[in-house]
Ligand code: PMP
């Protein structure tokens, strides 16, 4: 190993990396299993073609047309001034930490939650505090508030629906954390479109909460993970603040054009959501019927207890051509809900594990 003078706080760390293995059934990164429909492929193709001659010029630095389309999609009276976009919600969250956290500041999340939140904290020199959820992975308002009071973080991450557990937060928890937090509160709603009926979005409480930021992505429900487009909704002052740290022209003209075309065909793209929710519910019922512990899911994935060593179960499923995710919770694995065929393959492989 060449001894490079990398930062002390990065030495010895491993990069984020879910295995990208070429197996028949890939259910480990919560992607949308359905490929992009023909009509959208055509629309994106045309939109990209129209940009090509102008690639000698920098793109719209403020991505105004795209942000306007995203605001229109979100509704809730939001406008271009409330919305910001970047290359995936990971980049949005990194920008939030760069501007509201960083060296000498603290971010708090409630583990187990999305594993990139602490890694983004490390990368931005932010001190990370691993807050705790309850034994059953729930989070009640009093427990969350006590931890916020104890650590007085500059940024609190809430994840709803939560990854890897799948369950949406009770809005009372978000309200209580907003009340108690001395700094910014980021609600990561990457999976919002899959929530069970009656689950409100934190977008509803944006008015009156200038320190609330809701992050969303086109990677999941929109089936646009390869397009890399994440965004946030917040008070316009937050959008102004992230301009201080964003790189100029961070969103390529091609990304902006592709995402705009995808948004204008959103009915076709989001048409898969109900089918995915049905597979999610089928997985939950089948695993529960088999006697396994399963977390309630408002997302396109399911966290389930394997009734033994999760590493061995992960391997055994992979040997049967089914790649799921070991999120590092002893005894638990996470599986993405995809097509009916993928569900069949997963459930059949699970049955074989029983024998
Ligand atoms: N938030 C959560 C909770 C996620 O699970 C993911 C993707 N796994 C992301 C954010 C990041 O998504 P992207 O950067 O593709 O928008």
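Heads up, residue numbers simply count up from 1 along the chain you see.
Keep in mind that glycine also has a Cβ here, set from the backbone N, Cα and C atoms.
On a predicted model such as this, the values are computed, not experimentally measured, just so you know.
These come from TrEMBL:
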{"type": "DOMAIN", "residues": "25-349", "note": "domain 'Aminotransferase class I/classII large'"}
{"type": "MOD_RES", "residues": "220", "note": "N6-(pyridoxal phosphate)lysine"}
* Residues satisfying Cβ distance under 8 Å from the residue listed as 'N6-(pyridoxal phosphate)lysine', sequence separation of at least 6 -> 30, 31, 32, 190, 191, 193, 194, 300
* Based on DSSP, name the secondary structure state of residue 220 (N6-(pyridoxal phosphate)lysine): helix, strand or coil. => coil
